[in-house]
Amino acid sequence: MSTAPTPPAAASRAGMKKELPERFKSYKHVWVFIEYEHGEIHPVSLELLGEGRKLADKLGVELIGAVLGGNRAAMQDAVVEAWEYGADLVYVVADPTLEHYRNDPYTRVMTDLVNNYKPEIILLGATVLGRDLAGAVATTLLTGLTADCTELAIDDEGSLAATRPTFGGSLLCTIHTLNFRPQMATVRPRVMAMPGRTKGRQGRVIEHAANLQEFDIITKVLRFLPDRNSNKVQLAYADIVVAGGLGLRSPENLQLVRALAEVLGGEWGGSRPLVQKGWMEAERQIGQTGKTIRPKIYIAAGISGAIQHRVGVEGADTIIAINTDKNAPIFDFAHFGVVTNAIEFLPALTTAFRKRLSVNRLAS
Amino acid sequence: MHIVVCIKQVPDSAQIRVHPVTNTIMRQGVPTIINPYDLFALEEALRLRDWLGGEVTVLTMGPPMAEESLRKALGIGADRGVLLTDRFFAGSDTLATSYALAQAVRKIGETWGIPEIVFTGKQTIDGDTAQVGPGIARRLALQQLTYVAAVQEVDLENKTITVLRRAEGGVQELKTAIPALITMLEGTNEVRRGTIADVLRGARAELVVWNAQTAGITDVSNCGLRGSPTVVKRVFAPKPRATKAVQIEVGDRDMGTIAEDVIARLYAVQPALEAALLRTAAAY
Ligand SMILES: Cc1cc2nc3c(=O)[nH]c(=O)nc-3n(C[C@H](O)[C@H](O)[C@H](O)COP(=O)(O)OP(=O)(O)OC[C@H]3O[C@@H](n4cnc5c(N)ncnc54)[C@H](O)[C@@H]3O)c2cc1C
């Protein structure tokens, strides 16, 4: 979380060791904040359960979920899901004041849970909600928080080593919270793989009272306006993503990207300059300051492959890059390359896929 | 109405280079800018001031040269610039940064009137944490409004504020009490260009410069490295991938043939793909 860690200073501090103060020694177990809204768990929480499971096993402790919401009965599905994705125990806080996310009541409840049950690690999704909550909780507890981690591990002394990109992704740094507990970290959606689900796996549950009164909470939600096109949000979770960059040369040519995505039943997006030029909405930006994606197939047309773009797509199983420049950096991490004009090639690829799919559909 | 906007001077990261051998940032000659996200906060503050009257104070913590960013902000139209600078702040992580800034906001309030709104940008482009805004809010017990897309209404008489806030899967309309802290979403307003008079004033203006002591920070153990629970243990370059892309032959083959070739390769590495595509196609 360091605002801007300076490598030389970091190096000189690397040997620094601090003894964990006595009052923190009883802090134990790995927690995942289960982001639960509109009756559903955000997938990033499941990804974190997968990651948290590994940390807990390494430490020989339990993996625990914390889920907050308004209606206890409706939350049972979330509890079961948390168990099936690896939680040994779930703390449930159900209270009408927690029906819609608001910073104040959520911060109070999370802080209260921590002070009561004393976890050593808390992981949260780096979503709009998770970031809003994590910063407030960490400040209230006066502990360390590392944002947007790309790798989590336990070091030899049993403390959390949280690695994140810094300086626009050109470097990585590993951050520790040495003498405070809990150690907190956020991870963006899709950065970690989705773990398998063990149907029927069961755990324990502890109900915790919120002790909140609505009149005590100053912020009121007047309205919630759901996004019109809920598809937009699906980019991060699409199996197939087609994206365009400045190499497409005009906003009209984005249609070629959309057409291919449609034939493949996938989503489409683009590099950051397309947002800055107003060619597409920010929701569709892929990369470090946009969405991290993890599709089975990523097709990048006219994208150079700058580091900030790369970090958002590296989790893809197969990357196909189309670029006129055979030395474009994207070919350093794509699996297949086509050195050609994307504006001509995209329609050909769309036609070829459409043909194969319809022929084989008739055959089957 | 009094509004405080917290800004940060950052290196223009588009121009940052990493030394290939030592893995250190080559800062020499890299120009600095106001963190771009902070400009949306500044613009929103100026808009509110123009609408409701009052003053906008811009606050930054950084080395002495960060005064440049304050002058720029004054040039855009802010009324007052406060620079918080002290070697005690060196090495601050977000917790220590939010402590120092919160103390300075408190002192600003004592000196020129308690602010109704404190603004920050959504996050910075060098740290990218989005943690300092919430940190300041918590330390000053302000209502926390992050990712705000628009300030709809400010009622100074009843001390309330209504905003639209970007939430997961939609937009929340929130009403709360002032004083509040707002982190402003990018692209939500058009950042103005200052008038010539503002630019001149910015260049000449006397800035307020505080160190830890004059900002009213009595306990410097909350600042800088000592006040930072996190420690950067290692900085390293990402591992390059061992293999480069397999190039599909282009030559003078026509686009259709190349496309067939790409599809064949794809089906070969992902045997389950064709069946999956057929299923989605059938679902149309
Ligand atoms: C702090 C920060 C954060 C950033 N975050 C992101 C981010 O989240 N996502 C992101 O994408 N970028 C991000 N960037 C920007 C990034 O550094 C690059 O500038 C950007 O990704 C480049 O976009 P591009 O590849 O579309 O354009 P360019 O770099 O201009 O590349 C265009 C490519 O198209 C090729 N080309 C040209 N014509 C054709 C043609 N007819 N057919 C095929 N190929 C053609 C060219 O050879 C070139 O490789 C960020 C930058 C900074 C500083």
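The backbone N, Cα and C atoms fix where each Cβ goes, and this holds for glycine too.
TrEMBL annotations: computationally assigned, not manually curated.
Keep in mind that what you see is a predicted model, and the values were worked out from it rather than measured.
Annotation comment: TrEMBL describes A:30-221 as domain 'Electron transfer flavoprotein alpha/beta-subunit N-terminal'.
Look at TrEMBL and you will find A:271-272, A:285-289, A:302-309, A:Asn323 tagged as FAD binding site. Around the Cβ of A:Gly305 (FAD binding site), 22 further Cβ atoms fall within 10 Å across all displayed protein chains.
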Ask   = Got a sec? Which of these binding-site residues, A:Ile303, A:Ile307, has the most Cβ atoms within 10 Å?
value = A:Ile303
Ask   = Can you give the mean pLDDT for the domain 'Electron transfer flavoprotein alpha/beta-subunit N-terminal' (A:30-221), rounded to a whole number?
value = 96
Inquiry  = Sequence gap of 6 or more, Cβ distance under 8 Å: name the residues on the same chain that satisfy this around A:Gly287 (FAD binding site), in order along the sequence.
reply    = A:Ser271, A:Arg272, A:Ala306, A:Gln308, A:His309, A:Arg310, A:Val311, A:Gly312, A:Val313
Ask   = So which of the binding-site residues is most packed in, judged by how many other Cβ atoms lie within 10 Å of its Cβ, out of A:Gln285, A:Thr289?
value = A:Gln285
Inquiry  = Using a 10 Å radius around its CB, how many other CB atoms surround A:His309 (FAD binding site)?
reply    = 27
Request  = Mind giving me a neighbour count for A:Ser271 (FAD binding site)? Other Cβ atoms within 10 Å of its Cβ, every protein chain shown.
outcome  = 28
Query = What does DSSP call A:Gly305 (FAD binding site) in the simple three-state scheme?
reply = coil
Request  = In three-state terms from DSSP, label A:Gly287 (FAD binding site) for me.
outcome  = coil
